[in-house]
Every structure is written in C-alpha cells, then in structure tokens.
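Here is what TrEMBL says about this protein:
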type: DOMAIN; residues: 10-190; note: domain 'UmuC'
type: BINDING; residues: 14, 108; note: Mg(2+) binding site
type: SITE; residues: 19; note: site 'Substrate discrimination'
type: ACT_SITE; residues: 109; note: active site
Ligand SMILES: [Mg+2]
C-alpha cells in the first residue's frame, strides 16, 4: 500500500530548564541547589526553576513569594538574557551543521527537519543523539529531544524522557502513540481547553478521535480542526526557517510608569481587546504572539511564542501574553506594553489538504 503523506524526519530539541541550567553552569556554587531565575523582587515572578527547585513544586510563572514558601532554601538569581541569547546562538550553530531547516520556537527550543541532512545520516534518532552530545560538549548543558514524522509528535515526544533524554516515535507507532496520549499532553491544549475536553468526555487521543470534525469545530472553533487532524497523525505544517515578519499589533504608553505586574495584566487585557478588534476587522489570525516591553529608561524588550495553530481570539492571545510577561523578571518600571501577532494566515498559500495517515509495513530509518 502506498503512503498518503510525505513522511518527514523531524526533531524537536528542547534544552532542560534552560535559564536555570545556564546559571548553574556559570556559577558552580549553584550546582545541585534549588534556584529560580527571576522572582526575587517584591512582586516578581519566577521565569525558570532548576530541577532541584521543581521537586518542591516551584514552577515558572509562579509568584516569587509562593515559590519561596514552597521551597524555603530557594535561591533567586537575576536573569541575564544576553548570556542566554549567546548560548542559544551556539546551540543553533550546531543545528545548522545538520540542516538549514531549523525553526526556533524560543531561545531554548527548535524544530529541525533532517529528512535530507548535511551528514547524509538516514537516522534521525542518531542525529538527535549526536546533537545532544555536541550541545553538552560545547555548552556543558543538557538537552532533550523528540523524533517523529511531524512537528506535533516530535514536540510531544521531547517531553517524555526529560531531562537529558530523547524519544523516537517511529512511523508505525504514530497511531497508537496518539491514541494513548493523555489529552493534557497535546501541544496546544492548555489547562482551560483540557477542562473543556474532560467535560466532553475526552481524556485521551482515542476519545478525541471518536469526535467528528463538526463536533470539534462546534466546540473549539478553528483549533477543533487542528485537534481533529493532529490526532490522526496529520500535521502538514513544515519546518519554516524564514518567517515573514508581517504582523498586526496594538500597544499602549502609560502616563505613569508601571512597576506592578498586577496593573500590567489589566493593561494587557485592554491591549488584547484592541488587538482582537483589529484582527476581526481585517479577518486575520496568526500564530506568533509577541509581547513588547519598553522600560522607563527606553530600553526595549520583546518576548515571543509561537502556537501550533492560528489564533485571533482575545482569550488565547491574552493567555500567551501573560505567560510571556511572567517569563522573566522585569528589569525596570514599564512605560509601554504592546502585543502583536505575526505568522499570519494571510501569508499562507493554500493549505495542503490533509489526508488520513496510512503507515503500512514501512521501511523507514528513524
Ligand atoms: Mg526548555
């Protein structure tokens, strides 16, 4: 039988507790200790926690005082973004030794398409091993990896043997892997969506698969279509090395500089409302959400996140913008906040029409 979909070999590489690991590596006295990057100031929020801190329930986006309550020995470290960017660049150089098809998701995560690669290595699994070893040799840091036929499954798989591990989902394992997958592990399903899924009786990929496209569309809108396809192993979105930076945004300058994140959340709500209005007006949606922060000393910071599907609804945009706000400690009081959406659906040529994935007796090195 023939294969309906062109099979790709995709690796998702994800650094382990990246910011915290960089700090522990650079300051050996922090090694083996519970540390939190960010969160040290009065109203601060943790942006990354070491594995030692996670054992005590310290998580990113957690208020610093709660983190300290959970873990009294917690050491707060100020973030050093320039250093993280530098390490991130070193890691990307390693990726480019294998392929030019590298799509970074953030400083510490990227998708690689190694279907055809510069080393002529047919095994994506061995390439992932190689890359993780090279990252360790060059930076002293560990990474985890997921390997499969598309970005969605690779991303989910990279979480399985974390930290310092990897998992391959071979083509013939894809269907059962997805059916057994806990709905909370689906990339793109956050807490709110998971709750909604539960109420609809969807707990695993298998449950999800039993729902019709119409049903999912009715309950989840555009994301419903995405869920419908990914659970069938269909995720045709390729690894995109060059993003077109066209975007839509909204921003606000404040009459007084803000230093409390509580007030900022309120402002973000207004900005997201305005952005949604603009998106609805021009009938567009996007995948990459960028939070722009201008400090009182006029320095500018941007933080981005790319979702696996298009969004235009305020709730989803706001949820991501908040996450980005909490990602790291603010360096100063803030005079302007902005949210923009890029990777727009207007840039997309006609979507490939997804077909059911058929994997039969496949001779495919993974
Ligand atoms: Mg990571």
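A Cβ is built for glycine as well, from the same backbone N, Cα and C atoms used for every other residue.
Listed in sequence order, the recorded positions among 14, 19, 108 whose CB lies under 6 angstroms from an atom of ligand 1 come out as 14, 108. Figure note: comparing Cβ neighbours within 10 Å for the recorded positions 108, 109, the maximum is reached by 108. In three-state terms derived from DSSP, the residue listed as 'active site' belongs to an extended strand segment. Secondary structure from DSSP puts residue 19 (site 'Substrate discrimination') in a helix.
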